[in-house]
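S.K.: Summarising the annotation, Swiss-Prot assigns domain 'Protein kinase' to 32-292 and lists sequence analysis as the type of evidence. The annotation ATP binding site is assigned in Swiss-Prot to LEU38, GLY39, ARG40, GLY41, ALA42, SER43, ALA44, LYS45, VAL46, LYS61. Per Swiss-Prot, active site, proton acceptor is recorded for ASP164. Sequence annotations record features per position, and here Swiss-Prot assigns region 'Activation loop' to 182-207. What Swiss-Prot lists as domain 'NAF' is 313-347, and the listing cites sequence analysis. Residues annotated as region 'PPI' in Swiss-Prot: 350-379.
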Amino acid sequence: MPPSTGSVPPAASTPAAGDEATAAGRVLLGRYELGGLLGRGASAKVYLARDLLTGRDVAIKSFPNPRHGGGLRGGEEDVLLRPAPIEREAAILPRLRHRHVMRLREILATRKKVHFVLDLAAGGELFSLLDASGRMTEDLARHYFRQLISAVRYCHSRGVYHRDIKPENLLLDDAGDLKVADFGLGAVADGALHHTLCGTPAYVAPEILSRKGYNPAKVDIWSCGVVLFVLAAGYLPFNDASLVNMYRKIYAGKFRCPAWFSPELRCLVRRILDPNPATRIDTEEIITHPWFRQDASHFAMAQLMQHGHDEEAKFKTEFKEDDMARDMTAFDILACSPGSDLSGLFGAEPGKERVFVGEPAAAVLSRVEEAGKKEGYMVTREGKKGTGPVYVKGENGGIVAKVCVFKIADAVSVVEVVKGYGAEAARFWKARLEPAMKPPAAI
């Protein structure tokens with residue numbers, strides 16, 4: 001049987017006075033009614049909650065606010081010395097919008113707590129689907145492995161690496177689809193090899209053990225291979241009562257496939273659990289492997305692996321002025337509040353620029369449209385009251401930028417620019433969009 005996923009059943013909790021994140025029935029910041037405790041980790045607790053505005057059940061992950069000196073693992077000194085899970089997830093989750101990645105809906109904060117509002121994994125853990133023998137059929141394992149690789153491939157395309165893929169972090173929504181959760185050990189691409197010792201022992205890649213630096217994409221692929229093996233075999237590929245011996249097996253890539261594995265599955269597992277990261281298969285090779293593509297039409301595979309609609313979903317969220325006001329309260333106004341200083345914790349949101357202007361929205365958006373058309377891009381304006389958003393799309397249909405203007409006061413508006421990914425979007429911002437934020441007399 002696979003190892004226990006360590007889930008924690010709902011439990012009663014005796015809150016400290018004034019701690020709204022620990023008492024069932026309390027309402028968090030006027031919107032979320034807290035329910036039972038779903039689980040806890042080294043740095044956070046997760047609660048069931050109900051959104052009083054929509055009636056939707058959500059999960060709320062609550063952390064001590066480091067700015068209040070709440071301490072994460074070892075106290076305030078440790079928080080200052082290394083990025084805490086809250087900082088990692090706050091940097092990573094806003095980048096991600098994919099059907100198989102747990103969605104961050106909102107970040108809220110009080111003086112003592114920071115709360116992530118997440119989709120609820122109503123279907124429980126992936127490993128709850130294992131049969132009496134402790135494993136899945138090969139077809140069912142393939143179904144969920146496809147969803148896992150779709151999520152991992154997407155994250156890597158966004159420069160995000162999980163580094164702790166394991167059963168506890170593979171959840172199911174109410175439709176039974178996979179959701180990859182918990183990016184507390186995640187990393188963002190910086191062009192360098194990583195040296196941090198991350199991961200869970202049985203799922204850790206051999207190059208991490210060498211402490212010589214590693215490619216986090218290949219580390220994630222290795223962990224996906226261990227998950228696939230466990231789903232189809234019902235036990236770990238590298239297991240030993242002695243942790244040292246288990247590490248030796250991992251480092252040597254020493255394992256045996258069970259007799260019921262098909263030849264194609266054996267081949268794929270051996271390519272993934274290759275102890276040499278240089279020759280280990282990557283996600284592009286995985287999605288073309290015969291076992292992975294078996295019984296799937298070209299169209300179905302393209303639908304599973306395409307990122308375009310996810311990027312569109314991320315950028316084409318319905319924006320209303322009152323929604324923007326609520327978002328700015330959570331991320332900006334609150335961050336500047338003396339009582340809840342989060343500015344040093346979250347920093348700038350990745351890929352997003354905000355510029356304050358003293359002119360009507362229509363004038364700014366007209367300059368944005370002109371800048372896009374000068375580059376030969378497709379430009380469309382949506383929304384009401386001339387506030388946009390304006391979408392600027394490149395030759396391949398990918399979004400280069402989304403620009404929206406929100407009125408703050410009679411003579412003040414804020415222009416929010418969400419930049420696309422890659423060098424093209426960065427160049428367009430610097431060469432065209434940033435200058436377009438200034439009125440003509442100031443250019």
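Placed from the backbone N, Cα and C atoms, the Cβ positions cover glycine too.
What's the neighbourhood like for these features in this structure?
M.R.: Neighbour density for LEU38 (ATP binding site): within 10 A of its CB lie 20 other CB atoms from the protein chains shown.
Every protein chain shown contributes to the tally, and the Cβ of ASP164 (active site, proton acceptor) ends up with 20 other Cβ atoms within 10 Å.
The average pLDDT for the region 'Activation loop' (182-207) in the predicted structure is 54.
With DSSP classes pooled into helix, strand and coil, the tally for the region 'PPI' (350-379) is 14 helix, 8 strand, 8 coil.
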S.K.: Measuring Cα to Cα, how far is ARG40 (ATP binding site) from ASP164 (active site, proton acceptor) in Å?
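M.R.: Per the Cα atoms, ARG40 (ATP binding site) and ASP164 (active site, proton acceptor) stand 17 Å apart.
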S.K.: Tell me whether ALA44 (ATP binding site) sits in a helix, a strand or coil according to DSSP.
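M.R.: It is coil.
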S.K.: Rounded to the nearest angstrom, how far is the Cα of ASP164 (active site, proton acceptor) from the Cα of LEU38 (ATP binding site)?
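M.R.: Their Cα atoms are separated by 20 Å.
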S.K.: Have a look around ALA44 (ATP binding site) and count the other CB atoms within 10 A of its CB, chains all included.
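M.R.: Other Cβ atoms found within 10 Å: 24.
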